[in-house]
Amino acid sequence: MAKLIVSDLDVKGKKVLMRVDFNVPIKNGVIGNDNRIVAALPTINYIIEHDGKAILFSHLGRIKKEEDKKELSLRPVAERLAELLNKPVTFVPATRGAQLEDAINNMNDGDVLLVENTRFEDLDGKKESGNDPELGKYWASLGDVFVNDAFGTAHRSHASNVGISEAMKAEGKQAAAGYLLEKEIKFLGNAVDSPKHPFVAILGGAKVSDKIGVINHLLGKADKVIVGGGMTYTFYAAKGIKIGNSLVEKDKIELAKEIMEKAGDKLVLPVDNVCAKEFNNDAPSEVVEGDIPDGYMALDIGPKSVELFEDTLKDAKTVVWNGPMGVFEMSNFAKGTLEVGKFLGTLSDATTIVGGGDSTAAVQQLGVADKLTHISTGGGASLEYLEGKTLPGIAAVSDK
């Protein structure tokens, strides 16, 4: 079902409540990476260029105690957003009450206002992350229309995305998707529902348990599923390959056997690994084919695996990649991840979609991000979408 998009709305003179994902790393008031702020700009610009009043909501981190508020205020985000928009952004250090209501009522057409971290509401009974209906209704009462542009939280049912949407729709008002959400639905949705073949999925990361739903779902859709990263060794154990001291989920070995039986030749595993005796960037390492000796642990895929994966990918028309091939945060064991990223940048005829923090960091580090079709902004959300799950934040948007 096609969803209502921000460009379908008449926003002129209207108070547009917009859920953005400004959950960015901040240390001592300094933003480490502003990608998520930049990603929201097209939708914000559409609203203000069409004389709407943009009232922005976002969470930042997790608030567990009163002291967390100081570190997790969105004030630095408002300052960065003002620089990016090249216009003032009103920051309201409150999530409800007269201060917020007055600030909204004093807005002119084309103004931008950022509400304080929505999770400040979690201190008193998890009202935001528990989707408290009264909070959703209250926030909805502050505006005329709602735009959800936060794909990063689309898999969560919170007051600031699902709560506002539902309350708006109950009052006969519209809830639309922003451009970022639309893009995610388009690329991730098409990749899973109507991909061009050959379709190859690359799944990395430490745990089979994190990716099990995705592997199972994609085995039914993809022509090949490449597995790398720490979860490889649970599959090795299931195949009877010795894994030394490598990471393994013993309680998932039977599951790995079932997946391999179901997959047949669709599942592609590494054939060699970069191994070391300790989990340390400076540990001496060697490339090992087949069985991993006792006392050694695999920390990255080896050169023959890179060749095998490139051979599997070279004719692909659709590629989805989520998760690293090794211990990406250690530079000596990042090569496998970087090689896969570099190769994806050469696939000019394919739709290439990357999600997950380490995979995204790899393509940005390599400078190939602009050669890929789409970089997903949602970690958990993109994984759940790839599992074929309905995401509450998307479901709550009005249909066209």
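Every residue, even glycine, has its Cβ placed from backbone N, Cα and C.
Marked as substrate binding site by Swiss-Prot: Asp21, Phe22, Asn23, Arg36, His59, Leu60, Gly61, Arg62, Arg119, Arg156. The DSSP secondary structure for His59 (substrate binding site) is coil.
Residues or ranges marked as ATP binding site in Swiss-Prot: Lys211, Glu329, Gly356, Gly357, Asp358, Ser359. Long-range Cβ proximity for Asp358 (ATP binding site), meaning a same-chain Cβ under 8 A and a gap of 6 or more residues, is found for Gly204, Gly323, Pro324, Phe328, Glu329, Thr337. According to DSSP, Asp358 (ATP binding site) sits within a helical segment.
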If one measures from the C-alpha of Gly357 (ATP binding site) to the C-alpha of His59 (substrate binding site), what distance in angstrom results, rounded to a whole number?
18
Could you check which of the binding-site residues (Lys211, Gly356, Ser359) sits closest to Asn23 (substrate binding site), going Cα to Cα?
Gly356
Pop the Cα-Cα gap between Gly356 (ATP binding site) and His59 (substrate binding site) into the table, whole Å please.
19
Among the binding-site residues listed here (Lys211, Gly356, Ser359), which has the Cα closest to the Cα of Arg119 (substrate binding site)?
Gly356
Drop a 10 Å sphere on every Cβ of the binding-site residues Gly61, Gly356 and tell me which sphere holds the fewest other Cβ atoms.
Gly61
To the nearest Å, how far is the Cα of Gly61 (substrate binding site) from the Cα of Lys211 (ATP binding site)?
23
Taking just the CA atoms, what is the gap between Lys211 (ATP binding site) and Asp21 (substrate binding site) in Å?
23
